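Scroll down for the structure; my scribbles are underneath it.
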Amino acid sequence: MAVLVKWPWLGVAIPCFLISFTGYFAHFFVLTNFLSFKELLWFQVSLSMIWISYWKAIYKNPGRPTKGFRPLRYEWQNYCTKCETYKPERTHHCKRCNQCVLVMDHHCPWTMNCVGYKNFPHFIRFLFWIIATTGILLHYFVKRIKFTWVNRYATANLVSKQELIFLTILTPLDAFILLTISLLFVRCVKNQIVNGRTQIEAWEMDRIENLFYHQRLLPQLLTNLKEIYPGSLEGQEKEVEEFLSSSTCSFDEVINFPYDINPWVNLLNCMGSPLNWLNPFGGPKADGMVFQKNEISDYDEATSIQDKLLALPWPPDDTRHGIAFPSVSHVEKDTQGGEQVVRRRHVPIAVPPRNEWYNDWGESLEHFGVDVEVE
């Protein structure tokens with residue numbers, strides 16, 4: 001679940017304290033007792049890369065739309081009243097940064113900045129170097145603990161009490177940092193590289209799936225299809241009626257996330273050239289306002305209704321609440337003139353609107369920093 005910090009400065013102060021305490025106390029009170037100068041140097045290089053990546057993740061602007069931007073013809077025409085400009089695809093207005101953010105992933109309390117198109121590589125490198133450094137450090141700690149245990153009965157004082165104290169404190173702390181950051185890193189990699197989605201887009205997919213299974217999505221998609229592609233359903237009234245009444249349609253047959261090409265292309269889109277992946281100042285070279293889409297999103301007038309729905313821009317419901325159609329039967333019984341009368345009424349299932357919907361992690365749009373008032 002997304003974390004909200006009461007005092008924003010704490011979001012930066014806590015990581016700075018943990019990096020300094022774990023890294024430098026380990027260096028001076030544990031590692032210097034048994035590592036070579038070369039090994040200590042490499043550890044400090046890795047620790048320095050954490051600081052550089054963290055600094056870039058904090059101060060690099062995540063990216064904002066250029067003035068005068070206009071969406072393409074078959075994209076949603078979303079206008080931000082606060083920035084007074086049209087929002088490109090995948091863009092959201094951050095309430096805390098007070099700007100529209102290109103490919104907004106989330107507002108990170110630990111950097112006091114949004115994670116977006118321009119600084120996502122710095123954020124990922126920050127996580128990577130934390131994992132690399134704490135992983136190496138945990139290896140050294142375990143090695144030293146093993147040495148201490150094997151020589152616990154030695155007459156010579158091979159390990160000082162001071163070193164034992166810091167080993168006891170730093171080992172579980174280092175393991176905790178490694179575990180939590182690894183989980184966050186895996187989540188980011190799964191979303192952005194495997195599925196080609198930001199965390200907000202992954203949340204959006206869950207919300208749309210919820211609408212689908214509550215039978216509020218398909219009528220809205222058909223309405224949007226006629227809006228984006230006028231005349232797309234002309235003369236197909238019978239097919240539309242059969243499509244709505246059919247219960248065999250699956251979620252994947254009508255919903256396509258257009259920015260998921262393949263893991264390699266997804267990786268290049270969010271991290272840039274492989275030569276820049278570990279470059280502390282590297283990043284993608286595109287403008288972050290127009291993106292390549294997969295073949296499934298190509299519109300063809302001659303295809304079926306399902307295939308046409310797959311060509312809708314993201315999100316396919318245009319963030320609308322969805323149109324309800326009969327989904328739950330409510331049977332009422334009454335007696336009239338000595339005869340029992342049965343009435344079957346259809347009651348639409350209530351679904352919270354987008355700005356009030358929560359996923360299974362307990363996250364709403366506000367948890368990601370999105371300004372729901374201008375969405």
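Backbone N, Cα and C define each Cβ position, glycine as well.
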Is it the same side of the membrane for TRP7 and LEU158, going by what Swiss-Prot records?
no
What is the number of other Cβ atoms found within 10 Å of the Cβ of CYS108 (active site, S-palmitoyl cysteine intermediate)?
23
Non-local residues, at least 6 beyond the ends, that sit with Cβ under 8 Å of the transmembrane segment (165-185):
18, 21-22, 25-26, 29-30, 124, 127-128, 130-131, 134-135, 137-138, 141-142, 144-145, 148
What parts of the chain pack near the topological domain 'Lumenal' (143-164), using Cβ distances under 8 Å and only residues at least 6 beyond its ends?
29-30, 33-34, 171
Please spell out the DSSP helix, strand and coil residue counts for the topological domain 'Lumenal' (143-164).
12 helix, 0 strand, 10 coil
